[in-house]
Amino acid sequence: MDPRRACWEESSSEDVTRPLLPVHEDRPAGRRRCCTALRSVLANKYLAVASGPLACALICALGDLGGHPAARNMLGVLAWVFLWWITDAVPLAVASMAPLFLFPAFGISSADDVAKAYMDDVISLVLGSFILALAIEHYSIHRRLALNITSLFCGDPVKPHLLLLGICGTTVFISMWIHNTPCTVMMVQVATGILQRFPRDQLEAGADARELQRFSKALVLGITYASTIGGMATLTGTGANIILVGMWSTYFPEQRPITFSSWMSFGLPMALILFVALWATLCLMYCTKNTRRVLSAYLDRSHLRRELSLMGPMAFAEKMVLAVFGALIVLWMTRSLTDNIPGWAVLFDGKVGDGTVTILMTTLLFIIPSGKDDGEKLMDWNKCRKLQWHIILLLGAGFAIADGFKSSGLTDILSAGLGFLKGAPALAIAPAACVFSGLITEFTSDDATTTLVLPLLAELGKSIGVHPLLLMVPGTVGAQLSYLLPTATPGNVVGFGTGYITIKDMVITGLPLKLVGIAALTILLPTLGSLVFGMNSVVRM
C-alpha cells in the first residue's frame, strides 16, 4: 500500500469534521484560555476542594472563642469536613478519613485517640451486618423472600392495595436488618421485574396507560420510602441510629447505654406508624377503582409463582445463612433485657457488646461449608469486595467528631452559649429539633446530618436542664425523615434513577409522611421513650 495514501487515510480518519482552512474566531486567544481554564477548574471540582481548607483557615484566623484555640480549631476542622461532605469535592470515604490527619495537625487530639474512633463495638456491628447482607444478596435470599411474600399478597385476580402492602412490608422487614441503600437496590430489582411487564412506551396515552403509570410510581415510591422506614426500627438498619448510640456513649458514658433491644422497642412502633401512613398515602393517591382491572391484564399470581419456581428449592447454603442470621437476631434481642431480668451478657460480666456477637456469627459464614463438593465455604473474602467501606469510614468520622467536640472544649462553649434557652418547654423543643434535623437532611445524607446536629442537641439538653435524649432522639429520627428530594439519601437516588418518579412525586408523597413522623415522635417520645430510655432519671452533667 502507498505510504502517502496510508498517511492520508490516517489523518482523514482522525477528525472528518476538521476544516481544511483555518477558522478565525472572534474571541481573543487570552479569553479562550481563560474560559478553558475556568471549565477545567469547575470540572475537576477544584473550587469545592478548596472550599474546605479556605473555610477552616478563615475560622482559625478570624474566629474568637474566648481564648480556646483548640475549640476554634475544632470548629474550623468541622467546617472543612462538612463542606467536603456536602459538595462531593472528594469521595465520601476520603472526606471521612480527613479527621485522621486534621485532628492531630490542629492539636485537637492525638493520632492514636482519633484512630480508635474508627473501630469500636458499634463499627464492628455495622461491619458484620454488611458482610451478612452480602451473604443474603449472594444467595438471592432477599429475592426469594420478596417473591414469596408478593405472591402471597398479590391476589388472584390482582389486588393493587394488597400488592403494595406485600412489597412495601417486605422492604421494611429486609431494611430492618441490612442497610437502607442495599435494601433499596435489591427491592428495586424485584419491582423492575414487575414493571417490565407493563408497556412503558405507551404510558403517556390513554386512561389505562395513566393507571399503569400511577401504579408504577406507587411501587417505586413505596420501596424507596419503605426502605428508609424499616431502617428506623433497628440499630443495623441505618447509620444514623448507630451514630446516636456512639455519641450517647461518648458524651454520657456513665448512663444506661442504648442497646439493640432498647432502640427496637422504640423504633419499631415509630416504623409501624410510618409504614401504615405510607401504605395509606400510596393507596389514596395512586390507586383507583380501575387499577385492579388494568393490572390484571399484565400481572397475576401465576407470574410470580413461575419466577419463584425457576429459583428451585432452597439450597443448603441458603438455609445455613438464614440459620446464622436468625441466631444473630436472637442474640441481639437477648443480650440485655430489663433491669430485673438480665440478658446473656451477664455471663461475661457485661464485657461483650452487639458488635461482639455480630463478628462472631459473621465469622461462622467463613467456616461453615456451602454444601458443594469443592469444599467452598458460605462466604469468602472475594465475595466481600462490595463492602460499603465509605459508610464505615463515615461512621468513624462521626465518632471522631464527637470525641473532638468533647476533647477540644467546644461542648462547654456551646453549653454556655445555649444557656438562654433554659426554662423553655421541652415538649416544644423536641419537635423543633426533629423539624430542624429534617430540613437539613433533605440536602445531605442522614448520616452526615446526624453527625452535625447531635453534638449541638446534646449540649442544648444540658443547657436547658432536660434529658439529652429528649433532643438527641428527635434529631436522629428527623434525619431519617428524608422523603422530599433525591439528594436526601442514596436510596432516594436509586428510586429516582429508575425514571418512574419525579421530584414532584417525591414532594407530594413525602410531605404527609414527614408530618406523620413528626407527630408520632411528639407523642411516642415522652411516653414510650421515657420508659424505654429511662429519661425520667437524672443525667450527670
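The backbone N, Cα and C atoms fix where each Cβ goes, glycine too.
Nobody curates TrEMBL annotations by hand; they come from automatic prediction.
The transmembrane segment annotation in TrEMBL covers 46-65, 77-102, 122-141, 161-178, 219-246, 266-287, 308-332, 352-368, 389-405, 417-440, 483-503, 515-535.
Contact between the transmembrane segment (77-102) and the transmembrane segment (515-535) is absent: fewer than three CB pairs lie under 8 Å, with pairs separated by 6 or more positions in sequence. Within its own chain, the transmembrane segment (308-332) is flanked in space by residues 132, 135-136, 139-141, 143-144, 147-148, 151, 177, 260-261, 344, 354, 357-358, 361, 364-365, 368, 370-372, 378, which lie at least six positions past its ends and keep a Cβ under 8 Å from the stretch. Using a Cβ-Cβ cut-off under 8 Å and counting only residues 6 or more beyond its ends in the same chain, the transmembrane segment (266-287) has close neighbours at 160-161, 164-165, 168-169, 172, 176, 214-215, 217-218, 221-222, 225-226, 229-230, 232-234, 241, 473, 477, 508-509, 512-513, 516-517, 520-521, 524, 528-529, 532-533. Of the ranges 46-65, 219-246, 352-368, 483-503, the one with the most Cβ pairs under 8 Å to the transmembrane segment (389-405) is 219-246.
Taking every recorded stretch in 219-246, 352-368, 483-503, 515-535 and counting its Cβ pairs under 8 Å to the transmembrane segment (161-178), the highest total belongs to 219-246. Among the listed stretches 46-65, 122-141, 483-503, 515-535, the one sharing the most Cβ pairs under 8 Å with the transmembrane segment (352-368) is 122-141.
Counting Cβ pairs under 8 Å to the transmembrane segment (483-503), the stretch among 46-65, 122-141, 219-246, 515-535 with the most such contacts is 219-246. Residues of the same chain lying 6 or more positions beyond the ends of the transmembrane segment (122-141) and with a Cβ under 8 Å from any Cβ of it are 177-179, 182, 186, 235-236, 239, 242, 245-246, 311, 315, 317-318, 321-322, 324-325, 328, 353-356, 358-359, 361-362, 365, 378-379, 383-384, 386-388, 391-392, 395-396, 399.
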